[in-house]
Amino acid sequence: MIENLPNWIDLTFIVTCISTIILFHFSNGKPKKLTLLIIVWSTMQSILAYIGFYQITDSIPPRFGLVLIPTTFLIIYGLLSKQQKWIFEKRETKISTFLHSIRLPVEIVLFGLYTHKMIPGLMTFEGRNYDIFMGITAPLIGLLFMKKIISKKALIAWNVIGLILVLFILFNGILSAELPFQQFGFEQPNRGINYFPFVLLPATIVPIVIWTHISDIIKLRKEIKTTTQQDV
């Protein structure tokens, strides 16, 4: 863990991560095996970060690949045609929309890490991180969709915006980390993600957010297409 970091930052992030997993569980038909896999994965990454494994940043290949590569493959696997059928049957879009509310406390945590010189300013809402918009609007969008005030097309547009924003800050975060291909944040690099519990941002929270956006877009598009065909 990061020394001299206020406890509220660690606790806020841990609660946010747990909340993300819980919302994922209930928005996807309570998949016990998949949720257990996420918990095991998160625990393994937490242990590696806690013992300082990711704090060694000059190894070749970069150790942080053990976070980025598996999550990338899992996201791709979770979007294959077989999984899309499961998403269409199990996904509760109202809950998955509220899931993005967790991005507000994440932004607060990132700002706390920035003030303690563990991430660059570009990763906060004062820099290039506009993801706070999704955290603020998610409860409102979710409520409006539940009351059928906004359409599925509008929700698709909101999800597309959210996907662009999270991918934008993800790439900025990776490119400002102490990796061989670092491009930004040389004066104050992205070190925070090398520590427990913040390793769970790229290992657990961001992959869930990305997959939820993409899978919601796929599901909503299919629902619109099905409705259109039925009306013909």
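Counting begins at 1 with the first residue displayed.
The backbone N, Cα and C atoms fix where each Cβ goes, and this holds for glycine too.
Just so you know, TrEMBL annotations are computer predictions that nobody has curated.
Same-chain residues lying 6 or more positions outside the transmembrane segment (6-27) and placing a CB less than 8 Å from one of its CB atoms are 35, 38-39, 42, 91-93, 95-96, 98-99, 102, 105-106, 108-109, 112-113, 116, 197-198, 200-201, 204-205, 208-209, 212. Annotation comment: TrEMBL describes 6-27 (among others) as transmembrane segment.
Long-range Cβ contacts of the transmembrane segment (34-54) within its own chain (Cβ-Cβ under 8 Å, at least 6 residues beyond either end) map to 1, 17, 21, 24-25, 28, 63-64, 66-67, 70, 193-200, 203-204, 208. What TrEMBL records for 34-54 (among others) is transmembrane segment.
Summarising the annotation, TrEMBL assigns transmembrane segment to 60-80 (among others).
Summarising the annotation, TrEMBL assigns transmembrane segment to 155-175 (among others). If one looks beyond the transmembrane segment (155-175) by at least 6 residues along the same chain, the residues whose Cβ comes under 8 Å of a Cβ in the stretch are 68, 93, 97, 100, 103, 119, 122-123, 128-131, 133-134, 137, 141, 145, 181-184, 190, 193, 202, 206, 209-210, 213-214, 216-217, 220-221, 224.
Here TrEMBL flags 195-214 (among others) as transmembrane segment.
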